[in-house]
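Here the structure is laid out as structure tokens; the discussion comes afterwards.
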Amino acid sequence: GVSVSHASKKITRATTIFSNTEYENFTEAETIRGNVTQRSQSSDDFTRIVGGENAKPGQFPWQVLLNGKVEAFCGGSIINEKWVVTAAHCIKPDDNITVVAGEYNIQETENTEQKRNVIRIIPYHKYNATINKYNHDIALLELDKPLTLNSYVTPICIANREYTNIFLNFGSGYVSGWGRVFNRGRQASILQYLRVPFVDRATCLRSTKFTIYNNMFCAGFDVGGKDSCEGDSGGPHVTEVEGTSFLTGIISWGEECAIKGKYGVYTRVSWYVNW
């Protein structure tokens with residue numbers, strides 16, 4: 001089994017992009033994903049969307065990869081030719097971030113990839129990492145030059161607040177990413193995706209001692225074994241409505257990955273569509 005101290009750790013879904021000096025600012029309860037202690041044998045296996053499957057090329061054309069000091073440290077979603085949305089906690093001010101759109105297998109060149117530099121980062125104005133690293137966990141990235149839109153590079157649809165909320169409550173979303181750990185273990189080279197059921201608020205609150213604010217929601221499986229994980233942060237949680245996918249969440253955080261009785265926690269996009 002998992003010891004209580006280990007299971008209760010809050011760990012991000014970004015791979016570690018912090019210098020060692022910054023570790024000292026974290027309480028034990030906020031150990032960063034990718035710096036997981038050796039106490040759990042299974043942490044080795046949780047290096048990507050857990051229990052997911054390979055996407056097909058162009059299946060999630062809004063998905064982007066963020067590269068910085070660490071490759072594939074987070075994901076994001078294309079909003080239009082010039083802007084990408086991701087998780088605010090993915091961003092470190094001094095990191096030069098490259099966005100890769102049209103990516104499929106990060107170890108191969110498919111000639112569908114488009115790389116852009118990020119020239120401006122706008123975290124949500126109420127985001128304050130020193131108070132809470134995962135509250136208002138959403139940020140916009142402006143690209144240096146527009147993406148060329150095609151069947152591999154397509155913006156995700158965003159509905160108004162009311163409809164985004166309605167779609168989320170349809171009950172089933174898709175999450176995707178190349179999540180992998182910084183220190184050891186396999187990485188996902190091919191984009192992974194997973195269908196995750198929406199988890200009602202009461203169940204969500206009961207599952208954790210950490211605060212789940214109204215601008216967050218839980219999704220995933222009580223039995224464990226399937227979840228988003230390291231390096232998936234910032235990537236999309238989408239709901240399919242009559243063949244069209246809408247952005248309903250941003251992959252944000254979780255305690256470990258795919259643990260029984262724990263869920264993935266996502267930023268509720270409906271709160272931010274009027275931003």
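From the backbone N, Cα and C atoms, a Cβ is placed for every residue, glycine too.
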Based on what Swiss-Prot records, which one of Cys204, Cys229 is disulphide-bonded to Cys218?
Cys204
Other than Glu103, Asn105, Glu108, Glu110, Glu113, which residues of the chain come within 8 Å of the Ca(2+) site, judged by Cβ distance to the Cβ centroid of those residues?
Gly102, Tyr104, Ile106, Gln107, Thr109, Thr112
Between Cys90 (disulfide bond) and Ser233 (active site, charge relay system), find the distance joining the two CA atoms and give it rounded to the nearest Å.
7
By Cβ count within 10 Å, point out the most packed of the recorded positions listed: Asn105, Asn128, Ser233.
Ser233
In which DSSP state, out of helix, strand and coil, do we find Glu108 (Ca(2+) binding site)?
coil
For the C-alpha pair, I'd like the distance in angstrom between Asn128 (N-linked glycosylation site) and Asp137 (active site, charge relay system), rounded off.
9
Cβ atoms within 10 Å, counted per site: which of Glu103, Glu108, Glu110, Glu113, Asp137 has the most, among these recorded positions?
Asp137
